[in-house]
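> The feature disulfide bond is assigned by TrEMBL to Cys30-Cys67, Cys187-Cys193, Cys241-Cys281, Cys441-Cys453, Cys450-Cys489, Cys455-Cys464, Cys545-Cys554, Cys577-Cys582, Cys584-Cys594, Cys597-Cys600, Cys604-Cys613, Cys629-Cys663 (among others). Positions annotated as domain 'Integrin beta subunit VWA' by TrEMBL: 26-428. Per TrEMBL, domain 'Integrin beta subunit tail' is recorded for 604-692. Feature annotation from TrEMBL assigns domain 'Integrin beta subunit cytoplasmic' to 697-742.
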Amino acid sequence: MMSLKRSHLCFSIPEGNECIKAIAKSCGECIQVGAKCGWCMDPGFLKQGEATSTRCDELESLRKRGCSSTKVENPQGSQWILKNKAVTNRIKGAENLRAEDITQIQPQKLTLSLRLGEPQSFNLKFKRAEDYPIDLYYLMDLSYSMKDDLENVKNLGTQLMLEMSKITSDFRIGFGSFVEKKLLNPCTGDQNCTSPFSYKNLLTLTSNGQEFNTLVGQQQIDGNLDSPEGGFDAIMQVAVCGEHIGWRNVTRLLVFSTDAGFHFAGDGKLGGIVLPNDGKCHLENNMYTMSHYYDHPSIAHLVQKLSDNNIQTIFAVTEEFQPVYMVIKNMHFCVCKTESLSSEVILENSKLPEGVTIMYQSRCKNGVTGEGEMGRKCSDISIGDDVSFTIRITAKQCPKMGKPETIKIKPLGFNEEVEITLNFICECDCHKDGIENSDICHNGNGTYECGACRCNEGRIGRQCECSTNEVTIEDLDKSCRKDRGTDICSNNGDCVCGTCECKKRENPEERYSGMFCECDNFNCDRSNNKLCGGHGHCECRWCICDANWTGSACDCSLDTTTCLASNKQICNGRGTCECGTCKCTNPKFQGPSCEICPTCPGVCTEHKECVQCRAFGTGEKKDTCERDCSYFNLIKVKDRDKLPQPGQAFPLMHCKERDANDCWFYYTYAVNKKSEKEVHVVETLECPKGSDIIPILLMIIHDRREFAKFEKEKMNAKWDTQENPIYKSPIKKFQNPNYGHKAVDL
């Protein structure tokens with residue numbers, strides 16, 4: 001057996017119409033292509049030769065092809081806010097509230113239904129509550145290099161305690177120290193130092209500030225050999241050992257104080273430690289016990305654990321090492337002043353499902369806005385300030401398991417979050433009404449849904465009428481040829497299951513159709529580079545013209561209003577209206593309405609007085625010029641060379657007239673394509689000069705004398721005025737001299 005489908009020519013679909021390019025076989029496949037795609041459920045929508053995938057198209061294209069809006073499946077995304085508790089307006093000194101009763105982010109829970117390619121947006125509000133509880137843990141570097149800075153560090157701890165008491169009345173503080181992974185002989189010479197340790201928890205979080213100050217003041221340095229310290233081991237334990245540290249579910253701050261760089265993942269190999277850090281708590285008697293067993297954590301691993309436990313980290317480092325710690329700044333807070341601890345809010349989200357993207361837009365204080373990565377944050381935020389974010393979530397593909405997904409968004413370092421459940425629209429509503437094993441689908445070989453058959457496995461065809469294992473291609477090709485000598489499906493389609501499925505064109509507006517794909521809607525006559533002149537549509541290579549249009553290209557108008565002359569007669573009664581244009585029956589007449597006769601006398605004389613009054617303000621009609629002479633457009637030119645010349649698209653009449661002062665003026669008269677009368681006139685008159693007056697007068701006197709002489713001679717004539725004296729008859733008379741004599745006898 002052979003395959004039932006044969007392809008002939010390759011074709012491409014433009015990027016502009018992804019709906020057609022997808023060749024969707026069902027409504028569900030169609031709507032997953034993109035938000036612009038719809039599916040026509042009308043059972044009679046497809047024309048002969050069109051494949052089932054033709055039901056999937058852009059909405060406007062479906063409408064133009066005759067699918068009513070009630071028959072178009074086009075599901076839309078939606079959202080529901082499930083928990084929307086308002087942010088807390090708390091004033092310092094007011095009644096005490098538990099941390100869990102304070103709300104700083106709104107809303108708290110919502111559900112989004114996502115149509116692929118169609119974003120869903122919602123607004124998130126954040127307000128830093130006044131007098132909000134804070135836990136601060138102070139982590140100090142006690143390596144030998146800190147010897148000169150130890151007193152400053154001790155003062156920093158005391159200052160932190162004082163400053164934080166100004167921010168909140170519900171404040172707890174803890175203390176820990178670190179040096180480096182254990183070595184046997186860290187000190188040289190007579191230096192007084194003890195063996196290094198990786199991390200000690202010296203003071204669990206407490207509200208007893210005096211205890212903190214006393215403990216910090218008692219600290220002494222320890223020893224190690226290299227400059228980079230093992231502080232990241234200590235940070236990891238502070239982050240994951242919540243029960244030992246005493247973290248509450250409030251704002252959590254970690255101050256990391258050092259004058260050196262840091263070890264990170266891989267450095268442990270120098271001491272023979274190859275196991276990566278496991279990110280778990282290993283404190284016994286408040287001492288990190290696995291520093292010799294696990295390597296230092298990587299920066300990414302450390303950031304993830306800090307984020308998971310809502311801990312904001314402040315790196316209090318010397319100026320020399322500030323550039324080293326800038327890499328951490330891009331991931332977490334790195335501030336130097338305690339009054340800035342709550343000055344910035346940054347939104348972060350949990351891991352997104354595959355194919356889901358998220359975009360942020362911030363609206364901060366004083367009208368400051370941000371987009372992209374800057375849209376996640378607002379800076380210079382004081383306690384009590386409101387900021388808002390617009391969050392846009394888009395799905396590009398449906399989940400493999402087809403189940404809802406949950407993501408969370410929260411301000412970095414805060415325990416509050418927004419929980420978002422994502423539902424994915426991957427099937428049409430009409431899918432639920434599908435009829436399995438429907439008789440419409442060739443004796444139950446498919447499910448009839450959304451106006452089309454979704455064939456069972458092993459079946460093909462518009463009605464699932466063929467099996468992939470029963471019929472050879474040679475048998476089917478016979479029914480796909482119009483005549484014996486013609487190409488299969490007219491070379492415009494594929495023979496599928498004995499039926500032609502026409503190929504799609506690059507332009508989605510162009511289609512093949514017909515039982516043998518012998519018809520198309522784009523190979524009709526054109527006019528003005530428009531198919532069917534823009535006044536009809538093409539069906540099977542013939543133009544079907546709109547009303548009042550005819551011709552092979554629908555370029556001949558049956559409307560006669562364009563042929564009406566000013567006298568309300570068609571073509572001035574001198575021609576016929578053909579395709580909206582006058583055809584003059586009398587060859588002497590020209591113009592859009594057969595109104596001009598260049599060879600007829602009197603055309604120039606007819607317009608002389610109006611041209612004279614409008615151009616020069618003279619003539620017999622100068623007093624009634626505005627009333628009688630506004631029927632043409634007047635254009636003045638400088639000289640006769642500037643006048644329009646013969647040979648243009650409409651008839652033109654050149655005129656030369658003389659006024660009462662024996663001055664000549666020149667003009668042209670024409671009717672343009674818009675049936676507007678145009679007169680171009682030379683703006684200056686040609687009048688005789690002073691030196692020309694005497695010759696003209698002498699010529700006039702001479703003419704008058706000659707005329708008088710002629711009249712006098714005519715009166716004195718001596719011949720009959722009825723007979724011309726110089727007239728001679730052309731008839732000659734002759735007489736035979738022998739006429740009347742007898743003939744001589746011979």
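Cβ coordinates come from backbone N, Cα and C, glycine included.
Curation does not apply to TrEMBL; its annotations are automatic.
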> With the cut-off set at 10 Å between Cβ atoms, which of these disulfide-bonded residues ends up with the most neighbours? Options: Cys455, Cys604.
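Within the set of disulfide-bonded residues, the most crowded position is Cys455.
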> Which number gives the other C-beta atoms within 10 angstroms of the C-beta of Cys489 (disulfide bond), all protein chains shown included?
28
> Please compare the disulfide-bonded residues Cys594, Cys663 by how many other CB atoms fall within 10 Å of each one's CB, and tell me which has the fewest.
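Looking at the disulfide-bonded residues Cys594, Cys663, the Cβ with the fewest others within 10 Å is that of Cys663.
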> At the Cα level, what's the spacing in Å between Cys464 (disulfide bond) and Cys30 (disulfide bond), rounded?
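Cα-Cα, rounded: 19 Å.
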> Is it possible to list how many residues within the domain 'Integrin beta subunit tail' (604-692) are helical, extended or coil according to DSSP?
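For that range the per-state counts are 23 helix, 27 strand, 39 coil.
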> How big is the Cα-to-Cα gap, in Å, between Cys613 (disulfide bond) and Cys489 (disulfide bond)?
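On Cα coordinates alone, these residues lie 74 Å apart.
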> Could you state the whole-number distance in Å separating the C-alpha atoms of Cys441 (disulfide bond) and Cys455 (disulfide bond)?
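Cα of Cys441 (disulfide bond) to Cα of Cys455 (disulfide bond) measures 7 Å after rounding.
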> Which of Cys241, Cys450, Cys545 (the disulfide-bonded residues) has the most other Cβ atoms within 10 Å?
Cys450
> For the disulfide-bonded residues Cys281, Cys464, work out the Cβ neighbour count at 10 Å and name the residue with the minimum.
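Per-residue Cβ counts within 10 Å for the disulfide-bonded residues Cys281, Cys464 bottom out at Cys281.
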